[in-house]
Number of protein chains: 2
Amino acid sequence: MTFTADAPLGVFDSGLGGLTVVRTLRACCPGEDIVYLGDTARVPYGTRSSETIARYAIGCARVLTARGVKAIVVACNTVSAVALDMLRIELDLPVLGVILPGARAAVAASGGAPVGVLGTASTIGSGAYPRAVASLSTRTEVVGQPAPLLVSLVEEGWLDGEVPRLAARRYLEPLIAAQVRAVVLGCTHFPLLQGAIEAEAAALAGHPIPVVDSASATAEEVATFLTERGLATARTERGRLHLMVTDRPRSFSDVAARFLGEPAEDVELIDL
Amino acid sequence: MTFTADAPLGVFDSGLGGLTVVRTLRACCPGEDIVYLGDTARVPYGTRSSETIARYAIGCARVLTARGVKAIVVACNTVSAVALDMLRIELDLPVLGVILPGARAAVAASGGAPVGVLGTASTIGSGAYPRAVASLSTRTEVVGQPAPLLVSLVEEGWLDGEVPRLAARRYLEPLIAAQVRAVVLGCTHFPLLQGAIEAEAAALAGHPIPVVDSASATAEEVATFLTERGLATARTERGRLHLMVTDRPRSFSDVAARFLGEPAEDVELIDL
């Protein structure tokens, strides 16, 4: 199959967290049309089995290919961790994940010292970050920490105050004890808690610890990838953003706007 | 259809929280065989639309009827709140929910003063508790508070310490400000945080506030219902407990045992 540079870019996530990737994409490559699918009826993926995650992921990807996308960004650490190879085998177009860009940014930030990763139980349990880091730097140690409560805090909109700080501290303690010199936000929800995580990491370590956002790192790599492959649009007007969700919960608009940093309009409800 | 008293009792929930109802049922009516279905592949229901919840609920109920149950206990506040009438219309056997027993216990505990309810966004948004309380006592005011983060805390096993206390306090503040004299735990996850909720409610109010557990209240009403309808088993040996789940996440055994208060054995994985 061949794709035109003016075809839309497809992005999917288990829910709305992947909109943090879209937010950076809209800044890095503003001319691109983007079709986003959030599987809000089956969110969260992070606590499910690998088999279930893979089955859900291929379903999401097929919705996007049916919309004629030129490439797919898997804006979900959990899916990137457990199902990226399967998607690349099954699909006849470029598929980009969030793990390798996050790992690359972390290795650069840590300078060879240990790297900590905060993510869902599935992402951490998959060992995807240690594998990605090992492919970039054989001497860099990786310390993973499942941090499921941070997902819930972001969805609830509790981004400031004592509860997010205490939760972040509890998850960061083992990482700081292992003397990590950079922390990767290995879940697309976590950029919204970056302030709290940076503050607690610095307080625990006694010095600043770089906190690397896999969502931003991915969007930047996608922009480079599209340009290098001749797949970047030449259009200069602002691209369209079309959102699809599999369920539209009560708090949808608030949560989507929080992740996206712009109003979430043009939303289509699809069945999956 | 007629049912024999020795048929099993069916219980379902969106996930494993309903095992808090099973735990009390095993104490109240130890001879009953129980078949439990936790829809762990699609948990949580509490953030989904009413249409989706209703569709999932009828699917769960049909799995139980196919196993020959004599009655169904909907051990999920969200499903009880939005889909109980639909289930009673569709199914040809007794269907019992958790809302009315919880409301009854709360009205008894508050003595006519306002009652507070902690639950998921769907449960609170449905207005099911105010309707149930109004059917029992026209003068009792109900103040609802969505408390989604408490669900995540229980699933994470953070039952003690500062984070659950601060989260409970934040959700209780508007209830205490509205001068409630009893708080209903309107989610089957919350009994595991009962200690933290009682402590914070008393600290905020300056005096003890009864905290009513809808799971226990329901199990007690189910036991009475079975006896009154001649549906209680006469067997005296301890009943069998058969668990079915739609996905078996990594932390399944820990979480299930925490809710159930006994090891979670004899678990069947089903597709739904």
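The backbone N, Cα and C atoms fix where each Cβ goes, glycine too.
What TrEMBL records for B:D13, B:S14, B:Y45, B:G46, B:N77, B:T78, B:T188, B:H189 is substrate binding site. Among the features that TrEMBL reports, active site, proton donor/acceptor is placed at B:C76, B:C187.
Annotated features taken from TrEMBL, shown on the structure.
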residue	record	Cβ neighbours (10 Å)
B:D13	substrate binding site	30
B:S14	substrate binding site	26
B:Y45	substrate binding site	25
B:G46	substrate binding site	28
B:C76	active site, proton donor/acceptor	33
B:N77	substrate binding site	38
B:T78	substrate binding site	33
B:C187	active site, proton donor/acceptor	31
B:T188	substrate binding site	30
B:H189	substrate binding site	27
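Of the recorded residues, B:S14 (substrate binding site) and B:C76 (active site, proton donor/acceptor) place their C-alpha atoms 7 Å from one another. Rounded to a whole number, the C-alpha distance linking B:H189 (substrate binding site) with B:C76 (active site, proton donor/acceptor) is 9 angstrom.
If you take the Cα of B:T78 (substrate binding site) and the Cα of B:C187 (active site, proton donor/acceptor), they are about 8 angstrom apart, rounded to a whole number.
Taking the mean position of the Cβ atoms of B:D13, B:S14, B:Y45, B:G46, B:N77, B:T78, B:T188, B:H189 as the substrate site, the remaining same-chain residues with a Cβ inside 8 Å of that point are B:G15, B:G17, B:G18, B:V43, B:P44, B:C76, B:V79, B:T120, B:T123, B:V151, B:C187. Reported as a whole number, the C-alpha separation between B:C187 (active site, proton donor/acceptor) and B:N77 (substrate binding site) equals 5 Å.
Nearest in space to B:C76 (active site, proton donor/acceptor), taking C-alpha to C-alpha distance over the binding-site residues B:Y45, B:G46, B:T188, is B:T188.
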